[in-house]
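What Swiss-Prot records for this protein:
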- 1-20: region 'Disordered' (REGION)
- Asn58: N-linked glycosylation site (CARBOHYD)
- Gly102, Glu103, Ser104, Gly105, Ala106, Gly107, Lys108, Thr109: ATP binding site (BINDING)
- 599-646: region 'Disordered' (REGION)
- Asn642: N-linked glycosylation site (CARBOHYD)
- 667-691: region 'Actin-binding' (REGION)
- Asn840: N-linked glycosylation site (CARBOHYD)
- 895-915: transmembrane segment (TRANSMEM)
- 930-950: transmembrane segment (TRANSMEM)
- 958-1017: domain 'Cytochrome b5 heme-binding' (DOMAIN)
- Asn1044: N-linked glycosylation site (CARBOHYD)
- Asn1195: N-linked glycosylation site (CARBOHYD)
- 1205-1225: transmembrane segment (TRANSMEM)
- Asn1428: N-linked glycosylation site (CARBOHYD)
- Asn1462: N-linked glycosylation site (CARBOHYD)
- Asn1568: N-linked glycosylation site (CARBOHYD)
- 1600-1620: transmembrane segment (TRANSMEM)
- 1626-1646: transmembrane segment (TRANSMEM)
- 1653-1673: transmembrane segment (TRANSMEM)
- 1794-1849: domain 'DEK-C' (DOMAIN)
Amino acid sequence: MVGTLPAGHTPSHVQSSLPSLPAHLQSDTHLTAHLASRFHVGLPTARLSSHALISLNNYTSSSKGPDGGKEGSAMGETEDLARRAYTRLGARGENQAIVFLGESGAGKTTLRSHLLSSFLSFSSTPLSSKLSYAAFIFDTLTTTKSLTTPTASKAGLFLELQYDASSSVNPTLIGGKIIDHRLERSRIASVPTGERSFHVLYYLLAGTSAAEKAHLGLDSPIHVTTAGGRLSSADHKRWRYLGHPTQLKVGINDADGFQHFKTALRKLEFPRSEIAEICQILAAILHIGQLDFGSGQATLTGAEESGGYSHEGGETVTVVKNKDVLSIIAAFLGLGVGELEASFGYRTKTIHRERVTVMLDPKGARRSADELSRVLYSLLVAYVIENVNQRICAAEDSVANTVSIIDFPGFAQACSTGSTLDQLLNNAACESLYNFCLRSFFDRKADMLEREEVAVPATSYFDNTDAVRGLLKQGNGLLSILDDQTRRGRTDAQFVEAVRRRFENKNPAITAGASGSGNGYGMVSQNARSSFTVKHFAGEVDYSATGLLEENGEVISGDLMNLMKSTRSDFVRELFGQEALQTVAHPKEKTAIMQAQVSSKPLRMPSMARRKTSPASRLTFDATPAEDPYETESQTGSSAKNSSAKRKSGMLMGGMQCAAGQFLSSLDIVNKCLTSGNLNPYFVFCLKPNDRRIANQFDSKCVRTQIQTLGIAEISQRLRNADFSVFLPFAEFLGLAEVGNVVVGSDKEKSEVVLDEKRWPGNEARVGSTGVFLSERCWADLAKVGERVIPSFAAEDDGGDALLHPRTANYADSKVRLLNPSDHSPGAYIYGDESKQASNTSRDFDGRSDAGYSAFNSGDMFHNLETREQMLEKGNEKQMEEVDEVPVSGSRKRWMAIVWLLTFYIPTPAIRYIGRMKRKDIQIAWREKFAINLLIWLACAIAVFIIVGFPSLICPTQHVYSPAELSSHDGKDGHSSYTSIRGLVLDLGEFMDSHYPGIVPDSALKKYAGVDSTALFPVQVSALCLGKDGNVDPKVLLDYKPTNFSGSVTSTSSGDPNSVYHDFRYFRDDYRPDWYAEQMIYLRANYYKGWIGYSSEYLHTLASKSQNVASINGKIYDLTSYIAGGRRIQGREGDDTTGIDTDFMDSLVVDLFQQKAGEDITKYWEDLPLTPKLRVDMMDCLNNLFIVGHVDTRNSTQCQFARYFILAISVLICSVIVFKFFAALQFGKKNVPENLDKFIICQVPAYTEDEESLRRAIDSMARMQYDDKRKLLVVICDGMIIGQGNDRPTPRIVLDILGVPESVDPEPLSFESLGEGMKQHNMGKVYSGLYEVQGHIVPFLVVVKVGKPSEVSRPGNRGKRDSQMVLMRFLNRVHYNLPMSPMELEMHHHIRNIIGVNPTFYEFILQVDADTVVAPDAATRMVSSCLNDTRIIGVCGETSLTNAKTSAVTMIQVYEYYISHNLTKAFESLFGSITCLPGCFTMYRIRSAESGKPLFVSKEIVEAYSEIRVDTLHMKNLLHLGEDRYLTTLLLKHHPKFKTKYNFRAQAYTIAPESWTVFLSQRRRWINSTVHNLVELIPLQQLCGFCCFSMRFVVFIDLISTIIMPVTVAYIVYLIVWLVRDTSTIPWTSFLLLAAIYGLQAIIFIVRRKWEMIGWMIIYILAIPVYSLALPLYSFWHMDDFSWGNTRIITGEKGRKIVISDEGKFDPASIPKKRWEEYQAELWEAQTSRDDRSEISGISYGTKYHPATQSEYGFPGSRPMSQLELPRHMSRMSLAPSEMMSRHMDMELEDVNLPSDDAILSEIRDILRTADLMTVTKKNIKQELERRFGVNLDAKRPYINSATEAVLSGNL
């Protein structure tokens, strides 16, 4: 073609083929200028002959040329390319491949869609539509908006169109295949600024209806904490996984996109329910992004825990703050809310062949959630694409040829999502494709041209082979090294070093930078500059190696896999069961999935790669199976399922390939397909005209850079020299040329003649030795392919199938249109061109009517499916199985009857729906809790009644004042002013304020204070008494002569001058008959204080003095003056006074008072023969005229009883306080105990404590002043867990402290644990050795609970109680000689044979928490107490706080800790009955000193304490809240004759809860466990001993106080209110009681000089409302707050109680057991058969023994163990030497290879008898002894020295 268009005849821009340009225009600059000239006239394309298309993205329209049609447009050129490829496919039977190259934003995806549309338009099958939909679905799931383009592809695409070549004219499209490579998963959780995540997520948010949004939870207000800490509200719809809210509106019609996506799935025959499930998973992914994590305290006790660690403190855990969002995710994933939340809080890793659970902080939980979202999206994409392929892919055997469209994401200079791995793999793919491009143009025909003896001028070009080999070479390329280092568990620094060693001075394309460092536990101290550099064809790129290996592993933790196994969603189960998810099973337990990985390799291979046999010209495999796993598949069958299974199994055996390795394999396959001999490649170079996406702007510098990068000028130059695309043998060539016999000569000569006739240029046609080389143009001309008719189905046929045509285009085309979409394109929504959107009807996509389609698209796709609530309830249900049947005890039945009696009125549905308690056992527990609370409140009410109500009931309150008491209210010395009128006591002081001082001054009134003022108020008799006949003459007067009852001046005289002011009687001028009555009513209403009171005894005294006084109904009446004639008549002047009767009282009444004076005449009064009216009238007269007061019963018998009853209770309480006081003072002076020789075990349970706490605890135990040889330090690590803030698992921290090197790795052995179902089977590792610290050398034993292989989360973790049981059960079996589990046998072996002590020797066990530090003399003092009293079974010491001033919460605990020990425990200790021996610091007696009978580890204790079925409220409170108290209860119950004591001299220091939440949780546990242990203590024998004052009784009284603690605060408040309201009657008894409580306490700490306790006591008193009111009430109500687990009891047939569990049924036979004697015999057999086996197998410690200086134990100097390690002995079964074969025979601590003291003493005497005493030295004697005994006696030096001195001094 060169020279066919002479320059100057036409404009240069008309020339579309760059090689056709003159030679002087072949430079980068001139080619750029030529492209610019074409670009500016609307021709954005050019060609590289027939091989390649160059397209510039004009950012406007890809389908319009200069004249408005598609001629000259990118779309037109791609159609032409497709037509040429299709022609060659049909004419030559070659496979075709079109490879797209170019940067992101250059339009590759758009041109790819045009190309696919063109190919599909050549076929007339409905399959074409399906392939279009398939491509659309792929793009929807894998494309996104980037900074450079709105449709950036983020997955490599190998799209295969499959053809059948049976048609002689045109090949038939029979299928297709989408092979996706490496989706950019990191984008899901990390959306770069200014970009979007994958389009489908935005489609879902915008395209769902209101009903669908409600179901998916997309309509709820969204609150996300932004990076700045601000809350973003629903107004902005801030979705964390969708980037900035502005990305929701960027001109892409997401709503229509969702409808098209659903339609495409329906057209590909996805069921409606499956489409709904897909949408639910997408919604779940969005919601995962919304999860907000925070730190909390684990205040609920789990089903397998027993109160936690760190002295009952709360473990810091990560919690989800927005539980509503969490429930949506759980519903869609078919999981329980609780287990999903818990799964975010930890992650299990495999480190150094050990599974370790890392406790995650909120940031770690966020990363865990992001991992879940990435996994879900990756699996969803894999699932959808695989299902699409199943619907479009043809059978492999029927495929004759294929057209492959290869489009990988453009080269990336930087990793926008922060994923270095994605960037590296993407660039490696670009490098490989570019290298294939270069080889196709420069190298592919070179060999053949040479064989055919055709000379072609060489062309220089940039060769990227170094980079390709460095990156992609199998075995030692960069990706292979990365994969290998990842699988080996190397660090990033080691990887960079490996890269340096491999490429330094060997390959210039790759250089290694600096490296970081790490500790091997995933906690890397990173160096930000750890990196390597690759010189790519597009420029150098620096890749950070930080975190690269972990990212390459792409490990899905076993936690997530284990979680998903429990899903109730069939769709989620299918997602996690597909072939794209590769799993790693434990080598010893195939059902246990250790980890998994989403494959980075496509599930399918190209059809070319799957052929069993191929012609030599076709693709052949030459890679080894190890290098290419696909090779094995291609040879073993075509079934995808079978091949996948084989691929998985191969990986598991040889180690799973990581992302880089899988991607490398898939790239290798792509490369081999492309380089097969039967494939013709085309290339599409896509260029950006500028970097700013400005339409119709051409940036020459930008374009020239791309031309240089892609080597277009060199390719063009090469094509000017050799543009050969087809090689035809002479016969074929001549046949096509239709050369008959006209031309005479050889075939070669004939061919030369034809070429001469055709006048083709030399670079396009050459004759070789056996055939002819032609360009595609020349071949097409020769073969007359232009005469072939290629069908183009551009209109709908009669059948109604909407085959792709220009009007509707197709999905693959429209979806990714970068330029202006064609009119009415269904893809116009992406670019916001709403005027051109197609109407949303089914016929836009498919002519067939799809039943229910319109309802599906416009309505609710979730209609008739499960609601979210149903899914959530289903997810919370567990798959349970029956594991056991349990009988129900009689006491339980009786208790439940009481519970139902107390709670029958609360309906179960209310508990279920309002309380949200679905399970029946939890509902029953709530009823029990409520019933217990009712009983507790009843007890409190009874207590209140006894304190307040009972005295008032027996002795009602009387408002009476004796005359003497009235006299005291005289207004003097601050006293109140009271006076009385006719027995009525009034408040004179109050009255004075309202009196008229102008008439009578206040001073005059004050003299009436304290006296009887009756004489001041004369009465009008006729107004107050109707008399015996109903009428009394007003002239009748009654004289008032006060009786001086008390003998003092207590009344005023009748002649008082002030009485005239109140005298309104008849004879006065101012007659007011009712004045007195009115005034008395007024005074009583306003100033009433009570009545004058006289006792019954005093009334008798008065009667004896001729006083006519008696009482009726408690009121006292005095008729003395009346009977004595104190009546007279006085009228006004002139009145007639004759005939007036002054006896107005009935004679019967008068006689009664005379006869029964001084008595209670109520009965007689009622018996008087009076008419009812007369009786009423007489009573009125008595009440108004003769009443003098009330009977005073305050000193009566019943009132005395009430008073002394309360006093007795007070005395009892005071006596307890006094006893506590004396108990605290009973100890004598501080004595230093002697050295003791008892063997003790010091046990420390460890969970997630930090290294500092563990080291403090361990060191304090080791440094105790107790014989080191007789101490055994036992540390039990509860699970392989990395606590928050730690960099290693807790067991590793412990072992590092003790000096055990990492190379020591014993086999895990089985033992029984406390757990549900199969969790009863646990496994542990046993370590032992010597720990040296500050001159102490202490033997230690470490038990690490590692769990079974099937445990993927928190392996081995079973709780603190289980850690205690490990040692308790072991000692129990030792003492009873019972069969032991393998781990217990190993423990026995270590203690007996390595440490050298028979386990039965140990007599005491000291249990200390991991955050507790013990005093140096603690063990000595405790053992001393136990030796002084052999009946002691447990002894505790005083625990103080080390963090007293950390927070207000700790401050209020200091004094409480001090008093609870020095008063409460000291008092209980008096009676030998401490009810709670704290687990943080207690020593127990293992066995009886005399008989050796097991005590602490007796069968009864061990069986009761190891209770597994903890399914009732009572048992949970006993074993999950207060296991320490319950253990003490068991000791008291089963060993009632033994004592539990307190020794305040034994000191320990612990850490108290520092936050209110943890403090509340701790006290809730303590208080509730106290209540439930009280129930356990009630049936104990000897509860009431002599005089009800035995040890048990007083303790019982003490425990009762726990229940009524709230009453204490109420009583104190009552006293304060009493004191404020009435200072006259102070309850001295109560205040003396309070003073005694705190006064005696003060004496205690003053005597002990604890002066600081004064301040702490004040703080404690201020906190009394917290301790006595808030905590108990909170605790009682939260008695059922548990993590209930999944084991429960249900009612089966006929009322049977059946235990069901989701943990499976435990078979005790699964753990073999043997007695120690049997195990020893096997050890002997193993030793004697050592010659028949490998000496390495089965050895627990794989370390070599280096003899070193012997310690006194016969061990090498112990610390650090990395220098002097434990011996490795030839035992198959353990790490220890056998007793028979080892040189450490009988390694008892006292005589390990050393002579006894007696033998040494005997020899010393012998030496001294013959030695020269003037010259002999102790050193000489020691050396002589060593010579005689033949052993090193350094360990015996102190004894030798002291014995020598003793012999010489004559003491021995």
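Cβ coordinates are placed from backbone N, Cα and C, and glycine is handled just like the others.
Between Ser104 (ATP binding site) and Asn1195 (N-linked glycosylation site), the C-alpha separation comes to 105 Å.
Reduced to three states, the DSSP call for Asn1428 (N-linked glycosylation site) is helix.
Classification of Asn1568 (N-linked glycosylation site) by DSSP places it within a helix. Nonlocal intrachain contacts for the transmembrane segment (930-950), taken as residues 6+ away from its ends with a CB within less than 8 angstroms of a stretch CB, comprise 898-899, 902-903, 906, 1202, 1205-1206, 1209, 1513, 1571, 1603-1604, 1606-1607, 1610-1611, 1614, 1676-1677, 1679. Using a 10 Å Cα-Cα cut-off from Ala106 (ATP binding site), none of the glycosylation sites among Asn1195, Asn1428, Asn1568 qualify. On the 0 to 100 pLDDT scale, the domain 'DEK-C' (1794-1849) averages 85 in the predicted structure.
The separation of Asn1568 (N-linked glycosylation site) from Gly102 (ATP binding site), Cα to Cα, is 71 Å.
Cα of Asn1428 (N-linked glycosylation site) to Cα of Gly105 (ATP binding site): a distance of 89 Å.
Gly107 (ATP binding site) sits 71 Å from Asn1568 (N-linked glycosylation site), taking the C-alpha atoms as the reference points. Here the recorded positions are Asn58, Thr109, Asn1195, Asn1428, and the one ringed by the most other CB atoms within 10 angstroms is Thr109. Cβ neighbours of Lys108 (ATP binding site) (same chain, under 8 Å, six or more residues apart in sequence): Phe100, Leu101, Gly102, Ser153, Asp407, Gly410, Val684, Cys686. Note: the Cα of Gly105 (ATP binding site) and the Cα of Asn58 (N-linked glycosylation site) are spaced 11 Å from each other.
Within its own chain, Asn1568 (N-linked glycosylation site) has Asn1517, Leu1521, Gly1522, Ser1675, Phe1676, Met1679 as residues 6 or more apart in sequence whose C-beta sits under 8 angstroms from its own. A Cβ within 8 Å of the Cβ centre of Gly102, Glu103, Ser104, Gly105, Ala106, Gly107, Lys108, Thr109, the residues given for ATP, is found for these other residues of the same chain: Asn57, Thr148, Thr149, Gly410, Cys686, Lys688. Around Gly107 (ATP binding site), taking its Cβ as the centre, 29 other Cβ atoms fall within 10 Å, counting all chains.
Distance noted between the C-alpha atoms of Glu103 (ATP binding site) and Asn58 (N-linked glycosylation site) is 14 Å. Put simply, Asn1195 (N-linked glycosylation site) is 107 Å from Thr109 (ATP binding site) when counted between their Cα atoms. Note: the Cα of Asn58 (N-linked glycosylation site) and the Cα of Asn1195 (N-linked glycosylation site) are spaced 113 Å from each other. Under DSSP, Lys108 (ATP binding site) is assigned to a helix (H, G or I) in the three-state scheme. Under DSSP, Asn58 (N-linked glycosylation site) is assigned to coil, being neither helix nor strand in the three-state scheme. Residue counts for the domain 'DEK-C' (1794-1849) by DSSP state, with H, G and I taken as helix and E and B as strand, are 42 helix, 0 strand, 14 coil.
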